[in-house]
Structure formats: structure tokens, C-alpha cells
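**Q** The annotation domain 'FeoB-type G' is assigned in Swiss-Prot to 18-180. Under the heading GTP 2 binding site, Swiss-Prot lists 50, 51, 52, 53, 54. Summarising the annotation, Swiss-Prot assigns GTP 3 binding site to 71, 72, 73, 74 and lists sequence analysis as the type of evidence. Among the features that Swiss-Prot reports, GTP binding site is placed at 131, 132, 133, 134, 160, 161, 162. According to Swiss-Prot, the transmembrane segment annotation covers 234-254, 297-317, 374-394, 404-424, 466-486, 504-524, 558-578, 585-605, on the basis of sequence analysis.
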């Protein structure tokens with residue numbers, strides 16, 4: 001059973017954890033959904049020495065033991081060559097596990113059995129979860145679980161990670177398997193083993209013969225009917241962009257008003273609690289705590305509801321299976337730009353945060369395509385930029401016009417990305433093609449719990465990550481806008497720094513105060529709002545909005561948003577680009593290219609509006 005494995009020991013960051021379970025599966029199998037369900041969305045990103053990726057891990061008490069669960073990247077082949085496949089290979093080679101849990105989409109078992117047979121070939125202790133078993137029955141897939149289990153010699157458990165059916169039984173089985181398996185194993189020669197014992201198509205057919213019956217490939221399903229409209233060569237793209245306009249309409253009309261109650265609460269806390277509490281302190285320390293740290297933190301809190309609504313809407317779209325269709329629709333266009341549908345998927349991922357989208361380029365085998373994708377992904381209208389744009393546009397545009405302007409910025413993010421890709425793909429450094437396989441899952445209705453767990457995980461990471469940046473950034477902003485003592489406005493350190501760049505920003509209609517906020521936006525885009533609050537010397541975002549409304553025109557505000565959309569990525573994204581590219585020169589290119597592009601786009605927009613007299 002373990003002839004190809006080598007005994008090892010589990011070395012965890014927690015000394016009380018002695019056993020480890022690794023989850024393996026193809027993309028879109030529901031592996032991460034099951035992982036989130038059993039860990040109650042309490043998984044944390046952990047760094048693993050020797051791997052080029054951070055993996056989700058969680059420590060779960062199970063049958064009297066603390067067990068470390070690790071969610072490995074979704075892969076199609078354990079013997080493949082993509083970066084994600086190499087990550088899984090290195091993990092199993094270097095980190096001992098007591099058990100491997102293979103998650104298989106029961107509706108696609110004829111295609112996913114290969115990965116299961118590869119795990120079986122390795123001889124490592126494993127059990128299999130047949131996810132979406134209920135969905136498989138609806139599609140006419142018939143599986144004799146007992147017969148298939150006997151043939152494979154591996155325990156099989158039908159589950160529905162989405163609804164929780166069978167999950168308790170599966171967890172009990174995992175607990176028993178780990179308890180009965182005191183030894184941990186790793187496979188240092190994994191690639192050689194799979195190369196010497198390849199899984200052929202005949203092996204897959206033999207494993208399923210007589211125990212699995214698949215429906216006719218020509219069977220007409222509801223998904224096929226819907227795809228006839230959604231993927232229509234004429235109507236497909238208009239439907240997609242109409243859907244995205246709906247997303248930004250909801251964000252504008254539901255998310256924007258949600259900031260007002262939070263502003264009221266943070267204002268009350270400052271006036272009635274913090275100011276009396278800090279009054280005995282020296283004036284300079286009061287300024288740091290109230291005008292610096294608290295102002296930045298309050299600005300972050302005011303946009304938490306808006307970002308949560310954004311993640312809810314995107315979670316529904318993603319859970320329904322629609323976003324992968326968008327990649328299919330855009331594949332032909334992306335191909336002309338030297339990219340493919342995967343790059344578009346990563347652009348969509350960048351709506352949440354650019355960092356995981358940058359890391360997602362590992363699925364591309366071609367280095368040229370990876371580098372080009374990493375260069376254009378930061379143009380995505382991420383949740384951090386979204387806060388800034390909603391804030392500025394609400395101040396300079398009334399009603400639904402602001403939602404339209406927000407949607408135009410979304411479109412401009414693609415225009416900028418496509419323009420840069422079209423130009424740079426002509427250079428040999430970025431030229432390469434890579435086979436592209438896209439799995440189109442059936443349309444599904446996301447459950448409340450599924451969306452909630454997704455949003456909870458995203459928001460927890462969002463607040464945790466940005467709290468640090470807000471405290472540091474707001475403190476730095478307060479210092480630079482408060483010193484030298486007695487100076488105000490452009491006489492401060494921040495004003496002097498902004499004055500250096502102002503000659504470049506004047507043709508864009510961006511005033512000195514906005515210029516200073518852009519400088520601080522390099523740390524994190526959300527800091528721009530805190531920067532404006534501190535720079536204007538006001539204590540809440542509503543007062544800043546009124547100030548911008550009276551001093552900034554629509555053309556100036558939109559030009560500022562357009563520049564902020566495209567210019568230099570935030571510090572965390574740059575760190576991800578450096579880590580993925582392993583090249584300081586390329587990282588410098590990823591700074592210079594968006595800066596030049598942002599200036600040109602904003603210049604053309606603002607000068608055109610000025611020429612028209614708007």
C-alpha cells in the first residue's frame with residue numbers, strides 16, 4: 001500500500017498538532033467549499049518553506065485529536081507541469097501527511113477518475129469524497145458506490161459540500177482513518193513514480209466499466225439551454241456587460257448609503273468617548289491618535305458595508321457558474337492580445353484583490369504569458385479602488401449618473417489592460433502560447449451559507465490586511481501633514497512632496513491635495529481616503545465629500561479616479577509581482593508601465609473635456 005512512500009513526521013507551526021490531512025481535487029469540484037464548511041471558514045493563509053505559494057490551513061479537533069487540514073491548489077494532473085501542479089508535487093514530496101482526501105465531482109467522474117487513480121498509484125493512505133452526488137443523479141449519472149469502492153480499494157463517500165449532505169459521515173470517516181493511521185508519509189520521488197506508472201485512458205475505462213453509467217453527451221440539459229443564450233456570439237457579451245452594470249448599480253444604490261450610519265457611529269465615538277479620553281494627553285499625541293490613527297480607521301470602517309455588498313454580489317455570480325462563461329466569451333479577443341481566457345478570469349479575480357489574481361497566474365506554463373498577465377491584472381477595479389471611486393464620484397456626480405461613471409471606470413480598466421497587452425505582446429519577451437482548458441460548471445443557485453462563508457472569509461482578510469496599512473499609513477500621513485509645526489497645506493512635508501509632482505499632474509486636472517493622496521495610495525489604495533481626510537483637516541468622510549464637491553469638478557474627479565485606477569499597484573501587489581516574477585527588472589517595468597499609461601489616459605480624458613468646455 002505504501003511501497004512508493006517514505007515515512008516522515010508532521011512538523012506543524014503548532015507543537016500540539018501531530019497529524020495532517022491534505023485535500024486534493026480538480027478545479028470546480030467543491031473541494032474548497034467542503035474545506036470551508038468543515039473549518040467553518042476559520043482557515044488561515046500559511047507560508048510553507050520550499051513552496052512558491054501560500055496555502056490555506058486550519059487546525060480542527062477531530063475524535064480527540066488536533067488535525068491540520070491543508071487545502072492544496074486545484075489541479076488536473078499530479079504529473080503535470082503547471083505551477084499549481086508543481087506546488088502539489090513539492091508539498092507531497094516534502095511534507096508528510098497521514099491522509100489524502102481526494103474530492104471528485106461525481107457528475108464528471110469519467111474525467112476526474114484519473115487524479116484518483118494517480119493517488120492510488122502512489123500508495124499513500126487516501127479516501128475519496130464524491131461531491132455533488134445529488135447533482136450527478138439529476139444529470140443521469142449512475143454510480144454503484146459499493147462496487148466502485150471495492151474495485152478501487154479506497155473508501156468512497158457521497159457528499160454535497162454545498163448543502164452539507166453526507167459531510168458529517170465523511171468527517172467521521174476522515175477522523176477514523178487518521179486515528180487508524182499513526183504513520184505520516186511523504187513521496188520524494190513522486191514524479192518518477194507517476195512517470196514509471198502512468199495512468200492510461202484504458203485504466204480509467206476499466207475502473208469505471210460496469211459500475212458507472214454516464215448520460216449521453218448529446219443529452220439536452222437546462223445548462224445547455226441557458227448557455228445557448230449566455231454564450232451566444234451576438235448576445236453573449238452585451239448580456240455580460242449588462243450584468244456587470246447591474247453589479248455596480250447595486251453597489252452604488254445599496255452600498256453607498258450604508259456608509260452614512262457607520263460615519264455617524266464613528267463620529268459619536270470620537271466626540272463622546274475618544275476626545276474626552278485623550279484630553280489629558282499632550283496636543284501632539286492627541287493629534288496622532290485622533291487625527292491620524294482613528295481618522296484612518298474610521299475611514300476604513302465606513303466602507304466595510306460597501307465592500308461586503310461587493311463580495312456578496314460577486315460571490316453570487318461566481319457561485320452560479322456565470323463568471324467562467326465570461327472567460328469563454330472573452331477568449332478569442334484575449335488571444336489576439338497574446339493572452340487567453342484564463343487572463344480574463346484572473347482580471348475578474350482582481351476585483352476582490354489583485355494579489356491572489358497575481359498568484360493565480362501559476363496555472364500558466366508559458367512564462368511570457370504569465371508575465372504579461374501579471375502586468376495587466378493590476379488594472380482591475382479592485383475592492384480597494386472601488387471605495388475611492390465611490391467616495392469621489394458621489395461627491396462630484398448626483399444620483400444614477402455616479403453609477404454610470406463607476407461602470408465606465410470598470411470598462412476603462414479593461415481598455416487599459418487590453419491596450420497595454422496589445423502593445424507589449426508584440427515584444428518577444430512576452431510572446432508565447434499555452435494550451436487553455438476551461439471547465440464550464442453547470443449553473444447552480446448559490447446557498448446563503450455558501451455565499452456567507454465566502455464573504456466572511458473575504459471580509460475578515462480585508463479588514464485584517466488593511467487595519468495594519470491604515471494605522472501605519474494614517475500615522476505617516478498625519479506626520480507629513482502636521483510638520484513642520486505650525487505649517488498648513490502645501491507648506492507641510494506632504495505639501496512639499498506633492499509640489500514636486502504637481503507640474504506633471506496639472507495637465508490632468510488633479511489638484512495638489514489629490515496629488516498628495518495619490519502618493520500615499522502606493523501603500524494601499526484605501527489610504528487615499530484617509531489621506532484626504534487628514535490633508536483637508538476634517539474628522540469624517542462626509543465633511544471631506546462636501547469639501548470635494550465644492551472644489552472639484554466632474555472632469556477633475558473622473559480624471560483623478562482614472563489615474564488612480566491605472567497608476568502604480570499597491571505595495572502588497574508589487575510584492576506579489578516581485579515574488580512571482582523573481583525579477584527586479586520586471587517589477588520595475590510593472591511600476592513604470594502603469595504610471596505612463598495612467599498619465600496618458602487621464603491626460604487624453606481631461607484635455608478632451610476641457611476642449612469641449614465641460
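Glycine too: its Cβ is placed from the backbone N, Cα and C atoms.
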**Q** Pick out which of the binding-site residues 73, 74 has the most other Cβ atoms within 10 Å of its own Cβ.
**A** 73
**Q** When the number of other CB atoms within 10 A of each residue's CB is tallied over all shown chains, which of the binding-site residues 71, 134 has the maximum?
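**A** Comparing the binding-site residues 71, 134, the most crowded Cβ belongs to 71.
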**Q** With Cβ distances under 8 Å as the criterion, find the stretch in 234-254, 297-317, 404-424, 504-524, 585-605 that has the most pairs with the transmembrane segment (558-578).
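**A** When the Cβ pairs under 8 Å are tallied, 585-605 comes out ahead.
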**Q** Which one is it: of the binding-site residues 71, 72, 73, whose Cα lies the shortest distance from the Cα of residue 161 (GTP binding site)?
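**A** Minimum Cα distance from residue 161 (GTP binding site) across 71, 72, 73 lands on 71.
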**Q** Could you tell me whether the transmembrane segment (585-605) and the transmembrane segment (504-524) are in contact, taking contact to mean 3+ Cβ pairs under 8 Å with a sequence separation of 6 or more?
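**A** Checked: the transmembrane segment (504-524) vs the transmembrane segment (585-605), in contact.
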**Q** Which entry in the list of binding-site residues, 131, 160, has its Cβ near the fewest other Cβ atoms, using 10 Å as the limit?
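**A** Each of the binding-site residues 131, 160 was scored by Cβ atoms within 10 Å; lowest is 160.
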**Q** Mind checking which of 132, 133 has the fewest other CB atoms within 10 A of its CB? They're the binding-site residues.
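**A** Sparsest of the binding-site residues 132, 133 by Cβ contacts within 10 Å: 133.
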**Q** Expressed to the nearest Å, what is the distance separating residue 74 (GTP 3 binding site) and residue 162 (GTP binding site) at their Cα atoms?
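**A** It is 17 Å, counting Cα to Cα.
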**Q** Rounded to the nearest Å, what's the C-alpha distance separating residue 72 (GTP 3 binding site) and residue 131 (GTP binding site)? Just drop the number here, would you?
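**A** About 17 Å separate the Cα atoms of these two residues.
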**Q** Around the GTP 3 site recorded as 71, 72, 73, 74, what other same-chain residues have a C-beta within 8 angstroms of the site's C-beta center?
**A** 23, 24, 25, 31, 32, 55, 75, 84, 88
**Q** Give the number of CB atoms, excluding that of residue 161 (GTP binding site) itself, located within 10 Å of its CB.
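**A** Cβ-Cβ neighbours of residue 161 (GTP binding site) within 10 Å number 24.
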**Q** Counting only CB pairs under 8 A, let me know which of 374-394, 404-424, 585-605 has the most with the transmembrane segment (297-317).
**A** 374-394
**Q** Could you measure between residue 71 (GTP 3 binding site) and residue 131 (GTP binding site) for me? Cα positions, answer in whole angstrom.
**A** 16
**Q** Give me the non-local Cβ neighbours of residue 162 (GTP binding site): same chain, 6+ apart in sequence, Cβ-Cβ under 8 Å, ordered along the sequence.
**A** 30, 33, 132, 444, 447, 450
**Q** Would you mind listing the long-range same-chain contacts of the transmembrane segment (374-394), meaning Cβ under 8 Å and 6+ residues beyond its ends?
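**A** Residues packing against the transmembrane segment (374-394) from afar: 251-252, 255-256, 303, 306-307, 310-311, 339, 343, 346-354, 357-358, 361, 402, 405-406, 409-410, 413-414, 416-418, 420-421, 424, 462, 466, 521, 524-526, 528-529, 541, 545, 548, 552, 557-558, 560-561, 564-566, 569-570, 573, 577, 580-581, 589-590, 593-594.
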**Q** Cβ within 8 Å of the GTP site centroid (131, 132, 133, 134, 160, 161, 162 excluded): which residues?
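**A** Counting only non-site residues, the set is 30, 106, 135, 158, 159, 163, 165, 166.
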**Q** According to DSSP, which kind of secondary structure is residue 160 (GTP binding site) found in, if we only use helix, strand and coil?
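**A** Assignment for residue 160 (GTP binding site) reads strand.
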